[in-house]
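According to TrEMBL:
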TRANSMEM  C:12-33  transmembrane segment
DOMAIN    C:15-89  domain 'Glycine transporter'
TRANSMEM  C:40-60  transmembrane segment
TRANSMEM  C:72-92  transmembrane segment
TRANSMEM  C:99-120  transmembrane segment
DOMAIN    C:101-172  domain 'Glycine transporter'
TRANSMEM  C:126-146  transmembrane segment
TRANSMEM  C:158-175  transmembrane segment
TRANSMEM  C:181-198  transmembrane segment
């Protein structure tokens with residue numbers, strides 16, 4: 001193999017990050033269309049939903065300026081998703097539950113890429129997994145807070161747990177020195193599968209009230 | 001000329017930043033008075049609305065501690081605006097639409113100062129303009145989120161676009177090596193004019209629904 | 001004494017930080033239980049409420065990665081509080097006004113620890129006190145914003161003022177070169193006492209409306 005593994009990891013991180021940016025931007029833009037934001041508001045929400053997670057990760061590990069600020073590709077990808085959604089949101093919405101599925105894909109990609117980058121910055125493995133989870137759920141949280149909704153991640157269904165599962169697979173692969181690309185694919189698939197299954201089958205974590213039977 | 005241009009630019013940035021701090025603090029304090037916050041809550045909101053944009057910019061470009069934290073003048077200016085508003089908010093409000101006009105002035109000053117500082121930290125020109133826009137809209141977003149309102153920037157009227165227009169003028173002046181002070185004046189005036197005209201004439205960007213005629 | 005004072009200060013800061021983390025996590029988890037979040041949502045809120053203040057402080061003073069990210073103990077302490085609350089929230093709530101009392105204790109501990117750390121990073125004394133206050137109120141603000149409530153700190157009662165009082169005592173002790181441990185105890189006690197008395201006696205700061213008599 002002629003490509004050094006450091007270079008490959010870097011490329012892998014970039015591709016995961018840009019793909020996650022695109023799908024989270026779609027989810028942000030669709031949420032903006034639903035709340036009847038104007039064109040620029042939709043673009044701002046695309047950017048915020050897509051890049052808040054990565055920006056938070058980079059600020060927290062001290063990698064400033066964050067990739068999403070220093071690299072214009074993150075902006076362009078997010079704006080493309082926003083413009084596409086603005087003009088074709090009916091087509092996008094026709095795919096049933098599309099916002100939630102895009103959101104699940106973004107969650108998976110960001111959880112994996114966030115964990116990889118945190119490990120590359122030498123955080124200890126446990127906190128790298130947590131930071132990957134935070135990266136994954138950060139964009140959705142900012143999207144929901146900007147629309148004054150309690151973030152979906154806090155309310156229901158298996159969400160943060162799916163991100164954490166993917167992040168832990170990345171950490172396990174790192175500790176076992178497995179090659180990062182296949183580990184990333186497995187980790188992202190696991191996260192995505194858990195999240196989508198949780199949506200389809202309406203899996204719920206217990207709330208404190210539900211523990212007591214029909215508590216009120 | 002005896003003043004070196006680096007020194008002049010630094011002074012210009014400081015003056016723009018403090019003026020923007022004052023007007024954004026007024027807008028934050030007035031919003032706080034309207035929502036019946038107590039005295040300290042109004043001061044906190046003044047500080048948050050005034051300095052969140054600049055703090056976000058400085059954290060993102062890696063200029064920590066942010067100017068608004070390391071330099072006590074930002075605090076004092078914000079608190080003065082808050083105290084003034086607390087005791088004289090009826091007089092301030094008598095100027096019709098004053099919150100919105102102060103907000104427009106803060107937007108213009110911060111968009112210009114934010115772009116200047118991002119350029120000074122060697123961000124690429126496109127992202128410097130975006131960061132200038134983010135700086136301009138950051139304070140208002142935090143103000144609205146703290147009051148659990150969907151940020152004005154996302155909902156209606158030409159807002160982020162005005163900030164971006166001002167930021168792009170600064171970037172153009174930088175690329176053409178024009179003197180920074182007059183460019184800053186033109187850029188801030190353009191941003192302010194667009195925003196105020198948008199308010200007066202009720203200019204709106206299209207929403208996705210409005211594209212389909214009377215969509216609902 | 002064999003322990004060097006730098007080492008003692010470091011240990012003191014850690015203990016204050018972890019204790020504040022625990023009580024803020026309890027307050028976050030209890031708020032989450034009340035809003036019927038699921039198990040993982042409660043843990044996320046525990047972590048966010050407990051660590052947002054400290055993370056904000058560390059990002060602002062340039063101490064990245066923040067202690068709450070690089071040190072797994074902050075995570076574990078917050079999760080323990082979250083799990084404890086999930087299973088024993090009725091017992092915890094039985095202590096009348098427990099959320100508010102835990103919140104007051106967290107406020108006191110974080111305001112003191114935040115001021116200490118800001119001074120250790122050579123911020124000027126005034127801004128160190130402000131940063132201590134911001135550290136103290138940051139966790140509660142994020143907790144409330146995530147639950148789409150106007151932050152308690154902005155609405156009513158003596159809250160930010162209590163944090164500021166504690167922070168100013170720390171700064172005064174620092175300027176007078178007094179030993180830091182007893183100063184910290186006095187400062188935290190003062191902050192806690194002011195906050196609890198304000199709750200019990202319903203002390204309020206004036207709002208702009210109340211200045212005009214029975215304004216409406």
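Cβ coordinates come from backbone N, Cα and C, glycine included.
Unlike curated entries, TrEMBL annotations are predicted automatically.
Sequence-distant contacts of the transmembrane segment (C:99-120) (same chain, six or more residues past either end, CB-CB distance under 8 Å): 9, 12-13, 16-17, 19-21, 23-24, 26-27, 30-31, 50, 53-54, 57-58, 61, 63, 93, 127-129, 131-140, 152, 159, 162-164, 166-167, 170-171, 174, 180, 184, 187-189, 191-192, 195-196, 199. The transmembrane segment (C:181-198) shares the most Cβ pairs under 8 Å with C:158-175, out of the stretches C:12-33, C:40-60, C:72-92, C:126-146, C:158-175. Counted over residue pairs separated by six or more positions, the transmembrane segment (C:40-60) shares at least 3 Cβ pairs under 8 angstroms with the transmembrane segment (C:126-146), which defines the two as touching.
The domain 'Glycine transporter' (C:101-172) scores a mean pLDDT of 88 in the predicted structure.
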